[in-house]
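Copied over from TrEMBL:
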type     : residues : note
ACT_SITE : H449     : active site
COMPBIAS : 46-56    : compositional bias 'Pro residues'
COMPBIAS : 57-71    : compositional bias 'Low complexity'
REGION   : 24-74    : region 'Disordered'
TRANSMEM : 149-169  : transmembrane segment
TRANSMEM : 199-223  : transmembrane segment
TRANSMEM : 319-339  : transmembrane segment
TRANSMEM : 360-380  : transmembrane segment
TRANSMEM : 460-479  : transmembrane segment
TRANSMEM : 491-516  : transmembrane segment
Amino acid sequence: MTPNVNTAIASGMALVDNIAIKRSSHADSHANDDSTAALSSGPHPTVAPSPSPSPTLPQKQQPQLLQSSSQKRLSRKYRHVAAVHSKPRTSVLSHDSEATPSFLGFRNLMVIVLIVGNLRLMMENFKKYGVLICIRCHDYRRQDILLGAALYFIIPCHLFVAFVIELAAAQRALANKKRDGTVTPTDDERKKFQSAWKLIAWLHGINATLCLLVTSFIVYFYIHHPLIGTLSEMHAVIVWLKTASYAFTNRDLRHAYLHPSRREEDALPEIYSQCPYPQNITLANLTYFWWAPTLVYQPVYPKTAKTRWIFVAKRLGEVFGLSAFMWIASAQYAAPLLRNSVDKMASFDLPAILERLMKLSTISLVVWLAGFFALFQSFLNALAEVMKFADREFYTDWWNSPSVGTYWRTWNKPVYQFMKRHVYSPLIGRGWRPGPASIAVFVFSGILHELLVGLPTHNIIGVAFIGMVAQLPLIAITAPLEKMNGINGRIVGNCIFWVSFTLIGQPLAALLYFFAWQAKYGSVKKNLHNTAEYAKKQMGLAKTNCVPNPHQKNPNVVAGCRPKFEEVEGAERRYEDGYPPEW
């Protein structure tokens, strides 16, 4: 035969071999099923298989095919002897597990549980109270609105008074600038600079203090509504902080202008070279700082190239939507809880107060988170976009804080940057140790918090101040946990932060200020008045209407008066031996 014929014959034989192998494996796979069917269905006529020539395999392929087919038959035949436990392994949730499992499913479960639980609370709330949302129901007085609007336009004027002061100081610095090229100031020049700074500091101090004092006086004595008072007081505090930063920063810029230093550590930031002193003392520069989303003054800020108005519209939509959500949540859920907690607070019923705190913690946390997102993510980003303000790190991941100190450094970066730059660092530069300097920062912050909460609610009871100062021991407790090796210490520190924040901090402060408000203006004051009138009436009618009571123990009450029951605001209250109700 020719080679081509031999090659064709060999190829044909190989093709036949492959077909035969496939048929044999397919027949083996159904062998067990066929035998089982034959046994179960009874006798069948035997059909002899037709003999067919089986082609011979090449010697190299035959052992491999036999081995693989035998293994398949064994694995199909001996299924009950498969080695399930073939190597040492650990449980997934054990500490010595090789790989950390993903808890994404548990996170989804927690979200579902949270949604379902809150839906149940919503249904229970609507079933119990109905719809409490009323757009027309408000207690805004015309005087509150007029005074709030007037303060909105008057408060920024103090910034422009600070501009006039700095403009005069800049003119004096230009006149006293050295022209001979000497750098080191003489003792006489130092004294002149310090005396000039004392005068400028007094002027700035009087201006900023008047801004805060006048606003606080009007808010406390003339603006009744807490929301309008809070907005006005917050505006005054922001302008006060901006005025202080404007004065302190220009003081150092003026000193660097008059007495430039050759030391590298005293050099001004490179970005300031774009607008050197005194070129920054302009109305345009001050107006930009007035509206910029920062409390720290700089002559120059990093800026974006253009304004994305669609981005601004989206952020403003978030602000309005979240504001409506907070209003609905406060009116529908928080207000009934607070009102129902007044009698528990008055009677100092600790278990009931704790139960109310736990109920209030959920809604207060939701409202606070919505307010945080509306302010720091939506409003400040919209304002930064309009002003082309490029540095938008208004917060970092404070929710992962392993300590209370980390939370205060990360959740409100504008205030933290002001405190560090204008309070903490100057104290450290004057020789203070970090501990006392931190105490001074929190005391100062506590005073501002008390002004922002106590004045608008007309109750300066010190709760906000104590709450801020009480952060110091928590910081001391959680600071070592943050430095521990491993993740357990950080987890414990984060849990301490969340417990102090959601259960002890905000709900308790809200409860105390609401109770103080009710004691001064609301139901507690009315109950006091009604109880006093009722006691007088009962004393006057004691001789005619008293029922004999052999268990009388109060000598101040006419003998023979039995405890009475009276329905007050849907709750049954008992007058025991002539005493006021148990609130």
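The backbone N, Cα and C atoms fix where each Cβ goes, and this holds for glycine too.
Here the transmembrane segment (360-380) does not touch the transmembrane segment (199-223). Their Cβ atoms form fewer than 3 pairs under 8 Å, with each pair 6 or more residues apart. Sequence-distant contacts of the transmembrane segment (460-479), counting only residues of its own chain at least 6 positions beyond either end whose CB sits under 8 Å from a CB of the stretch, comprise 402-405, 408, 438-439, 442-443, 445-447, 449-450, 452-454, 493, 496-497, 500, 505, 509, 512-513, 516. There are 20 other Cβ atoms within 10 Å of the Cβ belonging to H449 (active site).
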